[in-house]
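Colleague: Questions regarding the structure given below will be posed in turn.
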Amino acid sequence: MSKKRLHEIAKEIGKTSKEVVEQAQSLGLPVKSHASSVEENDATRIVESFSSSKTKAPTNSVQTNQGVKTESKTVETKQGLSDDKPSTQPVAKPKPQSRNFKAEREARAKAEAEKRQHNGDHRKNNRHNDTRSDDRRHQGQKRSNGNRNDNRQGQQNNRNKNDGRYADHKQKPQTRPQQPAGNRIDFKARAAALKAEQNAEYSRHSEQRFREEQEAKRQAAKEQELAKAAALKAQEEAQKAKEKLASKPVAKVKEIVNKVAATPSQTADSRRKKQTRSDKSRQFSNENEDGQKQTRNKKNWNNQNQVRNQRNSNWNHNKKNKKGKTNGAPKPVTERKFHELPKEFEYTEGMTVAEIAKRIKREPAEIVKKLFMMGVMATQNQSLDGDTIELLMVDYGIEAHAKVEVDEADIERFFADEDYLNPDNLTERPPVVTIMGHVDHGKTTLLDTLRNSRVATGEAGGITQHIGAYQIEEAGKKITFLDTPGHAAFTSMRARGASVTDITILIVAADDGVMPQTVEAINHSKAAGVPIIVAINKIDKPGANPERVISELAEHGVISTAWGGESEFVEISAKFGKNIQELLETVLLVAEMEELKADADVRAIGTVIEARLDKGKGAVATLLVQQGTLNVQDPIVVGNTFGRVRAMTNDLGRRVKVAGPSTPVSITGLNEAPMAGDHFAVYADEKAARAAGEERAKRALLKQRQNTQRVSLENLFDTLKAGEVKSVNVIIKADVQGSVEALAASLLKIDVEGVKVNVVHSAVGAINESDVTLAEASNAVIIGFNVRPTPQARQQADADDVEIRQHSIIYKVIEEVEEAMKGKLDPEYQEKILGEAIIRETFKVSKVGTIGGFMVINGKVTRDSSVRVIRDGVVIFDGKLASLKHYKDDVKEVGNAQEGGLMIENYNDLKEDDTIEAYIMEEIKRK
């Protein structure tokens, strides 16, 4: 069967949804709102109930309006302006009036006042009668019904009087023009009938609702009493269980307490009687004859009783303040749990008394007392030094020792700490082999033969310029090779290669013999303590003499096993691949004797082989993993920078996700390009890696400043003497960091009397506009090694007349600079003051420095000028400008009477009223 919603039924029969809902509820249907659904038969019942109620409505209206006579009234209409033709028209029944609650209250109050005046003494004697409220309620209802009928009769009489008023004053009320009666709907009559039905329904159901509410309250009170009884019973059972576990004396005391607590049930009753204040009589004042004051006093008294009862109920329900209830057994006092003192205590400098108390499970007041007895005045928030903490622990009998602070920024601790590796997880790892030797003795050719790739043909001039790391496989085992350059300029790179290597292959040409770089390679290998395998190359040449090579090496401490030494000698031809297999077998044999082990389960640590800046990838570093396993997305600290491993490629250029021990990989994701030879370590999370990297960068910067600004007695004379020496300023830019260091070291070693090389700046990457600007300011020559300038840098260099030299072979660079130094003339300079300025205000900017706001009082201040800071007539600092601004724009000069801002290189102690003197050194042309 289909269902109907109540609002649909209301729409069909022309009733409101509220009426339909109330009618359905009166019929016993389980509905809640107008959206509830009922069956068709129930819907029929609802409709029929309304039809039956319509038939009863007139009788109800008659009953509610007893004594009201309906008369047909004649109303005078103003048709035209004459009084001769009055027209009469029957008026509809009077509109039933809604209940006037205000009038009812006033009438009820007046009736009560009259009754109290008439029977005041009788009411005082019978004020304890319990049934007086019910009688008063019934009387009030009767009076309200009578008043309501009286009000309606009065309103009807008023209407009749008004009609008479119209007749007396001969005024005709305006009426609408009559319309034909026809089948017109009388909306007023219908509204009156609906209102009468609502009043009848309300009066019929009000008593029922009141009874339901009272029943619900009684049920809730009953449930609350049951819950209290159950809780009390559970509490008594728990108390009995505790009493059984307690000792006998305590049990006897508790029995007495329980007996005493169980008897005074009358105490609670007496408290209630006292709270109801039954012993005090209620006095009603009769000063006001209409009884309004008595009514107000009674009302206030009832309100006070309600507040008092509510307060009492809250008091009884408040578990924290149940002082009057003794029907339950008192809770036993919990004793403080005793904690044993620790045997050892690890402290840090500056711990507070409260922290120490928490660690040793004692009250801070107890420790403060002990310190006072020791002669130390302290509060619980006061920090203590290490000696005081140790004395305090001695008083407690605890062995105290200071906590060892671990420097998270120290990467070297991973290499020095033997506990970092787990001896049970050590496994065999591939050997790291470094090929060393003199230039053009065939190192890259040997690697080319090993890897079957033409590496040597790609090097400019046939010389290896930077370290390469490669890995090959022989007899199922991997061997990692490091190719170090053989030129003398790359001494530091060879030293780095020897520090990470396990075996050194010293390659010597059979026709050239031992050369200076060969001896240097021997010394590096011996300093690193690694075994040496000598590969005598170019034995296919006609002038080859291997015996001479063996004897020359013996003079430098490298003795063949055939002569009773420890070094293996293998005669090879790298060009034709002769005896290469024998060389690899010798490497594996020596590696097996060395017992090379690694722990692959720890976080990776290792060394940077090479680093460079790539235009598309950013900082790229070649790493050699020495311990642990390096994974993609690992947070890593490399040298003085940090980052996350974004991508890894092996020596063949293939992407890999994991790199184990002795594996060379090239990674991206670093913030800056590190230095070749820096150590790296993987941290637990990126936050720790960032903190360690920033701390290392800060320490490196501080160390650099200390080195550049430190003047000692040993170098004081050299510093003063350096002013007489001419210098050639150069800026070095190269493709990799190793080439930058090697080129700078080679240029500084050039020995020309009276002239020295000053490397103003050296970095990795292409030559940019900043390098040109620096070269212009410092009068330097830019040397690019395997890099080219950007188009913007070339245009700026042409405009500023800055010289840029590009090279791909290191020999050419050294020769060119040496010739320039030999032909260097000694120019003369004189100082020229450009202008003076006064510091008006200073601004300190974090991570930038101190900015001085100034006004030029004489001359001008240019961007490339040197400045002196003069305070009270004394020169405080002499240096170069770091920046010069006019408002927010970078400018080359600030003129007289103009304001601007400046920063001075390596100086942040500017103060107001300091004098800035700008000057330049002009070259005096020789005549």
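Just so you know, glycine gets a Cβ as well, placed from its N, Cα and C.
According to Swiss-Prot, the protein carries these features:
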REGION    27-337  region 'Disordered'
COMPBIAS  49-69  compositional bias 'Polar residues'
COMPBIAS  70-86  compositional bias 'Basic and acidic residues'
COMPBIAS  101-138  compositional bias 'Basic and acidic residues'
COMPBIAS  146-159  compositional bias 'Low complexity'
COMPBIAS  160-171  compositional bias 'Basic and acidic residues'
COMPBIAS  202-226  compositional bias 'Basic and acidic residues'
COMPBIAS  234-257  compositional bias 'Basic and acidic residues'
COMPBIAS  300-316  compositional bias 'Low complexity'
DOMAIN    428-597  domain 'tr-type G'
REGION    437-444  region 'G1'
BINDING   437-444, 483-487, 537-540  GTP binding site
REGION    462-466  region 'G2'
REGION    483-486  region 'G3'
REGION    537-540  region 'G4'
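I would like each feature placed in context: is it buried or exposed, what are its neighbours, and how far apart are things?
Modeller: Across the range of the region 'G1' (437-444), the DSSP-based residue counts are 2 helix, 1 strand, 5 coil.
The Cβ neighbour count for ASP440 (GTP binding site), using a 10 Å radius over every protein chain in view, is 16.
According to DSSP, the region 'G4' (537-540) comprises 0 helix, 1 strand, 3 coil.
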Colleague: On a simple 10 Å Cβ count over all chains shown, which one of the binding-site residues GLY437, LYS443, ILE539 is most densely packed?
Modeller: LYS443
Colleague: Same chain only, please: residues at least 6 beyond the ends of the region 'G4' (537-540) with a C-beta under 8 Å from a C-beta of the stretch. Say none if there are none.
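Modeller: Same-chain residues near the region 'G4' (537-540) but 6 or more away: 441-442, 446, 507-511, 546, 571-576, 578.
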Colleague: Which residue counts does DSSP give the compositional bias 'Basic and acidic residues' (202-226) for helix, strand and coil?
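Modeller: Split into helix, strand and coil, the compositional bias 'Basic and acidic residues' (202-226) gives 25 helix, 0 strand, 0 coil.
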